[in-house]
Structures are given as C-alpha cells and as structure tokens.
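Below is one structure, written out as structure tokens; the observations come after it.
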Amino acid sequence: MSKPAGITGLFIATLLLTLHGFSINVAFKSNKKLQKNRFYVLALFLSLSDFAMGIEILYGSILLLLNSHGNAYLYQCMAINHIVAGTVLASQFHTLMICLERLGSTFINKPRILHIVTSNVAVVLCFVMINGFASLRFGLETLKGTFPCDQRYTATPSFLFSHDIPAVIILILIVLCYGITIYRIKKQRQTIGVQTVWNVEIPIDNRSKKDIRMCKNVITLGTIIGLTLVATLPRSITVFYSYNVGGSESALNFVWIANHVFVLLNPLFDPLIYAFTVRQYREHLISVCKCFFKPDYT
C-alpha cells in the first residue's frame, strides 16, 4: 500500500503547491486590496498554511516511496504524520479567525479583543504553537517506540484527545460564529431598512458596493466552512468509533480513506472557491491560461 499511497501523495502535494502558490502570487500582486480588506489577508494566511501542508505531504510521500524499515525512517514517518495533523488543525483555526473577522465587521466599532485575536501576530503564534504541540506529541509517542509508516496509525488515543476532539470543538465554534455573523447582518438590515451592515450615513453607491463585498465574503466563508465540515467530521467520527471498538480493521481502513480523501478536500478546493468569488484571482487565472494556451501562428 505504501507505493500507491506515495504516488497519490506526490500528486496531491503537487496540486496543493501549485494551486496555493498561485493563490499566494495573486494575493501579493493585489497588495492594495490586501491593505484594504482584512478578510483577504486572513485568506492569504490560510493559503500559506495549506502550502506548508503541501510541502509536508510531499516529504511524507517521498518517505513512502523509499519504503525503508530502519528506525530513522520510521521516526521520520511518525514526525510527518504528527506535523501534518498540526498543520491541518492550524488551518482549521485560521478558518475560525476568518469567521471572527467577519463577525467583527458587523460592529460599527470592532471590539478590541477581535482586533487582537485576528491580528497577524495571533495568526503566526497560532500556527507555531499548534505545530509545536504536535511536535511535543510526537516526542511523547517516541517514548513508546516506533509505528509502521501508515496513516491508519494516527487513530490512537493521543491523536483522538489532542487532535480530533480539539478539531471538532473548533468546528463547533466556527459554525456558531458564522451563525451569529449571519444573524447580526440580518438584524442590522432589518433595523436600518437598507441593504447594508453599516449603521452610518453613506452614499448609495458606496453602500451597495460594501454590501456586495460583504455578501461575497460571507458566501466564500460559508463555502469554506462547508468544506471544513466535510473534511473534519468523517475522520473524527471514525477515530472516535475506532477508539470505542478497540481499533477494528474496517475502522482503521476508513481512517486511511479519511486522511487521504476527506481531510485534503479543504486545502484542495479553497483555491477553486477563490476563483469563483474573487475577481482578481479569476482575472489572473484567465491571463495565465491565455499565456499557456495561446496559439502559435509562426
């Protein structure tokens, strides 16, 4: 199973690096938009996190193709499994931060706590601390010895309590935050009687533009949250079931499927969401496609 898994991993890693590399490139070219819109800054951090995941999966796939059996090889496999899990959890936390940023935009004066929680420093600290905790978990696991280089061996009690349960808690917070944001937007629109979420007197044209931008951001975020639900719940439910039944073979096989299919849906489809909802991203993608597929009449 290691050879097919390694080839699949290489393909997925290449897709992740290509798509998110493109997203990061578009973000930096739209520097003025980044300065004006905090939502796009946080989306950029999410792409950077997914890009890091692509590098980690690439390294793990190379290890699977080598298919060695020494202790050094097995420890590297274990380390990659823990670090990838940490990056997945960090990406999920970044999604929560995007939700909090959208919630903050529904206030006339954004609460200071939301400014702090969604700041660049908080995003970087979140990524470093979660991956640091994953590294600590790896260190504790090494005290028990080595495990085979197989994703099914991530269905352990340590992963359940330090990864899957926190992932479900973050997911619940994401859904609650998104629900509160939608509720506040609807309530404010009903209160002021116009299609806007800002309770200030501004020209109709500006009001319409801000309203359209807010709606697009909310739709984009809602789609990302939907993908996060699909990516998180199958693995978490399966690991919890496996823990309760004592690690049945069918449950462990589904953990492998969840890790290689469902968990990767979110980072793989995020750039496609940007293509449909972010005009600059779509225009840049079209221009790149024209460059590659421009007919040569010479």
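Cβ atoms here come from the backbone N, Cα and C positions, even for glycine.
Annotation comment: TrEMBL describes 6-28 (among others) as transmembrane segment.
Per TrEMBL, the feature domain 'G-protein coupled receptors family 1 profile' maps to 19-274.
The transmembrane segment annotation in TrEMBL covers 40-66 (among others). Through the fold, the transmembrane segment (40-66) approaches residues 2-3, 5-10, 12-17, 20-21, 23-24, 27, 30, 33-34, 73, 76-77, 80-81, 83-84, 87-88, 90-91, 94-95, 97-98, 101, 118, 120, 123, 127, 149, 220, 266-267, 270-271, 274, 278 of its own chain, all at least 6 residues removed from its boundaries and within a Cβ separation under 8 Å.
If you look up TrEMBL, you'll see 72-93 (among others) marked as transmembrane segment. Remote same-chain partners of the transmembrane segment (72-93), defined as residues 6 or more beyond its termini with a Cβ less than 8 Å from a stretch Cβ, comprise 46, 49-50, 52-53, 56-57, 59-60, 63-64, 66, 126-127, 130-131, 133-135, 137-138, 141-142, 146-149, 151, 153-154, 159, 163, 166-167, 170-171, 174, 228, 232, 263, 266-267.
Under the heading transmembrane segment, TrEMBL lists 113-134 (among others).
What TrEMBL lists as transmembrane segment is 165-183 (among others).
The transmembrane segment feature in TrEMBL is assigned to 218-242 (among others).
Residues or ranges marked as transmembrane segment in TrEMBL: 254-276 (among others).
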If one takes Cβ-Cβ under 8 Å and requires six or more residues beyond its ends, the residues near the transmembrane segment (113-134) are 38, 41-42, 45, 49, 82-83, 85-87, 89-90, 93-94, 97, 100-101, 103-104, 107, 162-163
Interface check, the transmembrane segment (254-276) with the transmembrane segment (165-183), three or more C-beta pairs under 8 A: no
